[in-house]
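So that you can see what the record holds, here are the features copied from TrEMBL:
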type     : residues : note
ACT_SITE : 368      : active site, proton donor
DOMAIN   : 62-189   : domain 'Beta-hexosaminidase eukaryotic type N-terminal'
DOMAIN   : 212-522  : domain 'Glycoside hydrolase family 20 catalytic'
SIGNAL   : 1-23     : signal peptide
């Protein structure tokens, strides 16, 4: 039995997504290698069809899928305590490579329980054996790379290759960034060999490189502050799936989250005491760089700026005073672009900040600027008249140009949300498209570089499949080859109105791993079912980085019932999902102090149990009448087991609902689940027996419709699939 979404920043964030074609390898030469007599089929290689390799009971689960993969039928590389790593003999000065190799050994030891006799890498060809390798031919991972890579350099070489033989593994790359990626691939490739009672790697070769140079994750630390440990563990997870940009949203209306020694009232009055000290910023930047990840700060201006104005009201377009608002939404308060004092302030502030962030890019926001204060200010209107500035969009372009010039003096390049796109802006800026593909296309056609975030808003609680099918450059994109080169990649965006440090991991992971694959792997890697198969495996591997999205789930359920038995509650919440988009905020008035501990916070986007049920229903409905009649077929058996469990669950949960008021908002969902489960069992029997005399009453149809309604900002994710069972016609 199986272990039994979505207010937009604006409604137009819901884009249409284009599904790609069937999965295959990008290189024709690589394809020929894979299909040679020495290699397995493509499906077998990547585990698209379940298959045991070389005595292993583990199906391969690489994510992202590499560009070229081929395996041989030779005996696997068996891991034992003699295993060691050999680094390049001329690279003993590359501390990043050494630290990465040590982390690899620790993680490998943690996964296998092996006590490696060499806990630190060796250098050179190891022609003189160490004490532990004397008179032994030990299994070795040899690492060779040309140079230290620059993670802050756009389009730096991140490629790598792996050759696995029975007694040796060779990992090679031009830069150590490629080596970092290759080590993650090896950890994913490790499998269990039950016949030899060992862990092993299959013999073969991998040649890999990223499709896009910009593969990012935005974490909003302004709406709800995210402590250093949250950022740290998410950086580790990013590295595991080959993401390479942390976009750190540090300022907004609700909070100014970085210490400024030049203007201390920014963080003292604008953060409610929750901000990063500069030494913490330096630590995180270095921590990320050690894992090949660049850190891009965002200081959102001239809108979303209330937290700036609390301490320095003279920068605003209205007289003030200002105070932090506990409410979500976009504040009317904006900076005054006509004041020279504002630019002097920003020159000093940005000089201070750019010393903390070595990356050449700085994000300056620029989105959702409310213009009421500009329109109502006689001083601003006169300035616009005197300087031939015709409208608010032109005034913002004037502001953005001056900010871009300040950054240029600091050796930095400006990034902004797509509202900053204007013909007068310098061509070296980067446009981040959040309102749709159209702005990204428009930017490319005008000669601007761009990053896609539309379709990757993970805070909307959409499915991994939705994000996976959203390609920055779909096959029919209206851009020339040269213009397509200006599309740098994409970013998953985690806005934090409805997450806390306790729940943020469950909104980022594991779905972001699917986005990571879309940005790394060949475009034609698009098999959604196989993506989910691999995602479920990688999801558990990511836990070793301290992510809490699995372990916090049952902890939050236990808290809801104060330590009582959670079995029945879990059966219900397993098939609930948060309402889509920002509908949650529209249904209930949230503030910065609202609890994020309810059922909706425990419920997970793209709920695994509900998704598994959906796939079972698809399989059952696509089967022939003969197969449907077979009560031993796994799809039928699992569907009946699930529906039977849900049918009986409300009787077991009702006592807890009566006892704990916090559960009463989902009581109707518990009732609805039981009701539709009964209808679902009737529908399955109707299809199995081909009995056309079985019909569904009007009351049953009303129950099916009622079950689709949200309660407590959650909805029954299986209601639609049960309804499909009732709609299927009998031939």
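Here the Cβ of each residue, glycine as well, is placed from N, Cα and C on the backbone.
Note that TrEMBL annotation is computational and uncurated.
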Local confidence of the domain 'Glycoside hydrolase family 20 catalytic' (212-522) - pLDDT mean:
97
Counts of helix, strand and coil residues, the domain 'Beta-hexosaminidase eukaryotic type N-terminal' (62-189), according to DSSP:
32 helix, 34 strand, 62 coil
If you draw a 10 Å sphere on the Cβ of residue 368 (active site, proton donor), how many other Cβ atoms land inside?
16
